[in-house]
Amino acid sequence: MNINFSKDDITGLPKSTKEEDENDFSSLDYSDLFMDVEIGRGSFGQVQKASYFGTDVAVKQLSTLVSIDPDYFKFMLREIKILKGMRHPNIVQYIGACCHEGRYMIVTEYIKGGDLHQFIKARGVSNISWTLRMKLALDIASAFSYLHSKKVIFRDLKAKNILVDEIGDGLYRAKVIDFGFARIFDGKDTNNLTICGSENTMSPEVIVGSSYNDSCDVYSYGVLLLELICGSRVVKTQLKRTPMNAFDMNLEKAEHLAPESCPRAFMDLAKWCCSYNPKDRPTFKIVVEGLKVLTNQQLKDLPVKGKSKPYIDPDEDSFIDPNDDSNNNNNSENNNNNNDNSNENNENNNENNNNSNENNNKKNKNGSGGDISGSSVIIKTDEEESFNSVVYKEHAVAQPLPNIDYGGQNKRQNNIFNPSFFTPPPNSKSMMDLKQSSAVDEDEDEDEDDVPSELLTSLTVNDIRYSNPKSFAATISTPNLNYATALDQDPPKPLSQSACATVLGGIPPMQPKKKPNNKNKKKKKKL
């Protein structure tokens, strides 16, 4: 099937010759593929296992929309041309592409394990050792450090786009897949970038349609780290970002929800990557060097987060004490007996049980945390001076660079000047609806890969951060974000006739015309 779209109109592509462009869709013969079972499905199509000259491969069959929609064709062409030029142990290996009966297919190496989302869900986040969590985090950061060095911006980093390959007994390797939203980024045309990605991991500047750069991948990586630390369910429900807080991550709440056995430096890294200001986020080069230091040390020697002070959520007026063992045990008993469970407990029972297991085992015999110590790991922020050791406060005093917010400790005091921005008006029905919607248990496997058809809003980040929520609640248009409905007010009720007369200055409302009596016409016809 011939393609009618012009490749010259597509930006963000690597440079190539005409001969290479013609071979993009015919680098292998479909008849050489022996298709097997389906192993995955997404908004762009389905993925099947196949055999290619005796080697197991994964075949991504793209949707038929690629042939008729120029946007889908653009994403497909970028994925092929970018993926075939990548060579990294933590990036899925590209094999070729072909077209069969009008359907385009991308063939890559086959990874036996599932994605990271399934990996966490099947095992339970508390059953994954901190050694493995930091190892997977290092693999992902290594891949993205390589991508950014090649001027590639990914724009859809999430757990479902990370495959976990079991390479040995208890040994795993993370690999990045699905380059459908990736593009070449030279840092010049930041205002022309399309808004795309998954709503749960998109950075604030991408959500509001502002200009962005490769630091949006760092923010998504920070959200992914919080999933490795707290669990996917906690990030999706209790740490859900909404327009009422300018899509900012509540890092103070995340600190309290994290298990006390989490290495202090690992938690600080996640908070640092989730900095609201893109300029405050680290580069992946810095992240890789820091994680290398952490993974090369014994976990028992690493300081852990420890117990957190009780926390009151200002948005929900709820008291959170994740380190109270008695509360966690009570939640576990209520879970087993199915007695006196509220909607909040129903959402978080599994996560509370996991947290209680970690809280009761601070030292963790399997090596998933060390003794609580007064020292803490300091992450350096100087790119030129890379990580070569972990610095402890009792051995050396580190001077942080100015204007760097380590995990957002000062964010709540500095980034919002209008206190009413976070405080809704009294008896606000929209806020009640927002709380109720956040209490609804959402399906973790819900597909989040839809391509937004339009900008979510024309407002910039500063417009949203410094404006009253009512002013942008009516402006924002979020067809792919489910919290837009919580901000919308109920439709007004129709006015009564007396009210209409009052509004119109005493003019009575127009009466509807009476329908003609068709029965008389029928009788006349009979006569």
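The backbone N, Cα and C atoms fix where each Cβ goes, and this holds for glycine too.
Residues or ranges marked as active site, proton acceptor by Swiss-Prot on the basis of sequence analysis: Asp156. DSSP assigns Asp156 (active site, proton acceptor) to coil, not to a helix or a strand.
Neighbour count (other Cβ atoms within 10 Å of the Cβ, all protein chains): 23 for Gly45 (ATP binding site). Taken from Swiss-Prot, the feature ATP binding site covers Ile39, Gly40, Arg41, Gly42, Ser43, Phe44, Gly45, Gln46, Val47, Lys60, and the record attributes it to sequence analysis.
Taken from Swiss-Prot, the feature compositional bias 'Basic and acidic residues' covers 1-10.
The feature compositional bias 'Acidic residues' is assigned by Swiss-Prot to 313-324 (among others).
The compositional bias 'Acidic residues' annotation in Swiss-Prot covers 440-452 (among others).
Here Swiss-Prot flags 512-527 as compositional bias 'Basic residues'.
Per Swiss-Prot, the feature domain 'Protein kinase' maps to 33-294; the stated evidence is sequence analysis.
Annotated region 'Disordered' per Swiss-Prot: 1-24 (among others), in sequence order.
The region 'Disordered' annotation in Swiss-Prot covers 304-375 (among others).
Here Swiss-Prot flags 422-452 (among others) as region 'Disordered'.
Taken from Swiss-Prot, the feature region 'Disordered' covers 485-527 (among others).
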**Prompt:** Could you state the CA-to-CA distance between Ile39 (ATP binding site) and Asp156 (active site, proton acceptor) to the nearest Å?
**Reply:** 20
**Complete:** Note: among binding-site residues Ile39, Val47, least Cβ-dense neighbourhood at 10 Å is Ile39
**Asp156 (active site, proton acceptor) versus Gly45 (ATP binding site) - Cα distance in angstrom** = 16
**Message:** DSSP secondary structure for Gly45 (ATP binding site), reduced to helix/strand/coil, please.
**Reply:** strand
**Asked** Three-state secondary structure of Ile39 (ATP binding site) from DSSP?
**Response** strand
**Item:** Integer Å distance between the CA atoms belonging to Val47 (ATP binding site) and Asp156 (active site, proton acceptor)
**Value:** 18
